[in-house]
């Protein structure tokens with residue numbers, strides 16, 4: 001390189017001028033040589049011999065002045081203080097930070113100035129600075145100037161116009177003009193800030209969307225890993241249960257036929273007694289699965305829906321071909337069970353939106369159901385209640401086509417898609433047992449722990465022991481016979497929404513907790529029962545139509561009725577805490593810690609915020625195009641942890657954030 005080598009020359013000096021100079025300060029070797037010659041000649045001239053006539057007395061006079069100055073006490077003190085100063089203090093700059101910055105910015109290379117982008121702003125930087133200054137002093141001065149020349153008018157005096165000097169008016173005009181210009185600059189600055197904030201918000205929305213997609217992928221992967229882990233745990237349990245049986249059976253010697261008969265009879269007796277101990281042992285005879293009930297517990301709950309805006313749709317599924325009569329799920333993005341008037345009960349994976357199988361066994365449509373962990377209870381119009389254990393599921397591929405075309409008919413693409421939509425699997429070995437004590441359709445049920453309560457159109461409530469699998473108590477509503485004729489003659493209690501030509505369900509809704517039972521019936525009353533005594537503890541009167549839904553917690557009980565109202569009761573006082581109404585009868589309702597959701601005969605879900613009392617709509621009917629087909633009416637709703645499910649009249653089930 002030219003900057004790193006020297007050309008050989010007789011003088012030993014470089015003849016090449018370095019472009020950057022020495023020490024980065026622009027000096028070259030030629031400059032240094034010239035400076036050296038000047039110093040040598042100057043020193044020789046000043047300090048030459050005294051006899052030299054060419055040298056004057058300047059040097060001697062200067063040295064004499066310096067000698068006299070050094071003999072002064074003030075100068076000597078300064079010299080002594082300088083000797084005690086450290087080298088760092090000697091080279092330390094005495095300039096302030098602002099002065100250093102000013103000097104550093106006072107000289108800017110042309111290369112940097114050429115890269116400055118052109119500003120499209122209509123005002124200069126100085127104007128923007130002036131616009132940011134507070135005009136408080138101007139307002140004070142303006143008030144003082146405007147108050148000059150004013151005086152208190154006495155009674156009877158007219159308020160005449162006071163003349164002002166032209167110079168004052170011109171100054172006032174110029175001042176107002178400058179302020180008006182500043183207002184324009186401030187407006188432009190605010191507009192620029194708003195555009196900048198909008199751009200930042202748009203970028204943040206894009207980043208949020210990317211992170212949400214990543215979270216969705218993580219939850220999908222988490223669900224897959226938990227599924228694989230559950231399968232491995234089940235296999236390990238099967239191996240541990242079958243391992244002790246093999247050596248025991250191999251080491252048992254053969255006995256006589258008499259002993260064999262006795263052993264068989266004893267085993268049969270033991271099996272009979274063991275089978276009566278638990279309902280979970282009553283499985284089909286062909287099932288080789290373990291009799292132990294397995295519970296699948298998630299290590300972490302899904303949180304994706306918590307980051308969506310309220311009212312956002314998560315997923316939509318064409319679950320059935322007819323009106324949805326009952327839906328329930330265990331937890332957000334978990335397992336959902338749905339029933340409809342197409343006489344099917346389907347199990348769905350809410351994470352993927354796929355149907356995992358069917359629960360077959362009822363002879364009619366299912367009117368009510370409940371999902372708790374892996375246990376599903378279904379109540380049907382065939383007057384039976386069946387329990388299912390989804391952890392024992394064994395899938396068998398089947399075809400559940402409805403209205404299958406004949407062999408001679410051609411199937412177009414749309415028809416084939418519709419038929420393949422409901423081709424799924426049968427969940428065999430899920431059936432546990434059936435409760436068949438009712439004599440009419442089961443319209444409501446609820447179970448908690450080992451107790452299940454069912455309500456039927458036969459005007460009875462039955463309490464079931466899920467350990468023994470039998471009915472332990474029947475609650476006969478004494479006023480059922482008297483109300484039967486009233487319900488048949490009174491037309492105002494006939495529903496006007498879901499089933500206009502059928503009478504209301506006698507037992508519309510119920511819920512139990514330990515020994516407490518709340519039941520809503522067709523007479524509009526809510527009765528609180530004590531299961532220990534079988535007596536009504538309290539009756540809540542207020543609705544004027546049949547009760548269709550209810551739910552309670554530690555403090556409040558919420559009921560929905562065909563009288564179009566939802567009432568919130570205080571269980572401690574037995575009085576109404578709050579109430580509100582909609583335009584149509586309430587067919588379904590549920591609440592969580594924040595909101596109450598209800599199906600009120602419309603194509604949207606009615607949402608009520610407990611905190612601020614705000615009402616808003618959620619569902620496909622919000623913002624729907626009036627020219628297009630309207631969404632179907634919402635019939636059933638379920639809500640857990642802000643995750644909302646709605647079942648519609650056309651068989652569609654959709655998930656929303658709430």
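Glycine residues also receive a Cβ, built from the backbone N, Cα and C atoms like all the rest.
Annotation comment: Swiss-Prot describes 139-151 as compositional bias 'Basic residues'.
Swiss-Prot lists 139-170 with the feature region 'Disordered'.
Annotated coiled coil per Swiss-Prot: 209-246, in sequence order.
Sequence-distant contacts of the repeat 'WD 1' (319-360), counting only residues of its own chain at least 6 positions beyond either end whose CB sits under 8 Å from a CB of the stretch, comprise 219-220, 223, 298, 301-302, 304-305, 366-373, 376, 378, 386, 388, 390, 393, 395, 398, 400, 402, 422, 424-427, 430-431, 635-636, 638, 640-643, 645, 647-653, 655. Summarising the annotation, Swiss-Prot assigns repeat 'WD 1' to 319-360.
The repeat 'WD 2' feature in Swiss-Prot is assigned to 361-398.
Counting residues 6+ beyond its ends, the repeat 'WD 3' (437-476) has Cβ neighbours under 8 Å at 276-279, 282, 364, 367-370, 372, 375, 377, 379-385, 387, 484, 505-514, 517, 519, 529, 531, 534 in the same chain. Residues or ranges marked as repeat 'WD 3' by Swiss-Prot: 437-476.
Under the heading repeat 'WD 4', Swiss-Prot lists 482-539.
Annotation comment: Swiss-Prot describes 542-581 as repeat 'WD 5'. Listed by sequence, the residues of this chain that lie at least six past the ends of the repeat 'WD 5' (542-581) yet keep a Cβ under 8 A from its Cβ atoms are 492-493, 495-497, 504-505, 508-511, 513, 518, 520-526, 587-591, 596, 598, 600, 608, 615.
Within the chain, the repeat 'WD 6' (583-618) has long-range Cβ neighbours (under 8 A, six or more residues past its boundaries) at 310-311, 495-498, 545, 548-551, 558-566, 624, 630-642, 644, 646, 648, 656, 658. For 583-618, the entry in Swiss-Prot reads repeat 'WD 6'.
DSSP labels the residues of the repeat 'WD 7' (629-658) in these numbers: 0 helix, 19 strand, 11 coil. Marked as repeat 'WD 7' by Swiss-Prot: 629-658.
Distant neighbours of the repeat 'WD 7' (629-658): 301, 305-306, 308-329, 331-333, 336, 338, 340, 342, 348, 350, 497-498, 587-592, 594-595, 597-599, 601-605, 607, 618-621; these residues of the same chain sit at least 6 beyond its ends, with a Cβ under 8 Å from one of its Cβ atoms.
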